[in-house]
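K.L.:
The structure's right below; bear with me while I get my questions together.
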């Protein structure tokens, strides 16, 4: 009986051992399978990262090549544009040179004695100002800051410019111009640097024809604003100190109506040639010639 019990116990032990070996084998198999799957997943992940890295490298290479292509194209376009700009500047310079030599002497003529008499009569009939032959003023033409002495061209309005001084008749037609002085100069200084001042102060500019006005023998003269110096050939309004007489106030009103013709002339000039309103980026000598 005891032997039978030992056999049963042995059998039970064998069954348990067999079950344990089988379970261990199963666990070992599952572990191996899991390890293989994890290894395969890591392999796939590494391959995916490699593909992504290669894709990014290829995309970066394409972007670099595209940027290089655009840069080369931009440089080629710039070279073409630069050549075109240089050609345009040469054409513009040639045109301005021809205009200065041929058109300016024809269109902006110094009046003869008959023309002075005609201009004087027009001023007197239009505004009641006797023996006046024109009005003078200056206008600023915007430019890019020059490389040399750029501070001299910085005007009181806060930008760089050259000054165009003009003299017009009663109809607003220019008959004397002087251009190119730095924008920082005062109107009176520009006038003193012009040929108009030199000729007029020597008495060689206006015909020697006088007229008695209010008991004073007057020759031909111009109208200028208060910035200009008072000369026998250049009148300016009375300075308004608040104590002007009625006659002085009347004179200033007529004076203002007669002088505003030059401001209107500059307005029409810049309205017709809009480039005079915008900053000119050309070289300074060319800008002076253009103006």
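Here the Cβ of each residue, glycine as well, is placed from N, Cα and C on the backbone.
Annotations in TrEMBL come from automatic prediction, not curation.
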K.L.:
Between the candidate ranges 4-33, 34-63, where does TrEMBL place the region 'Disordered' annotation?
P.N.:
34-63
K.L.:
Return the average pLDDT for the domain 'DDE Tnp4' (136-282) as a whole number.
P.N.:
88
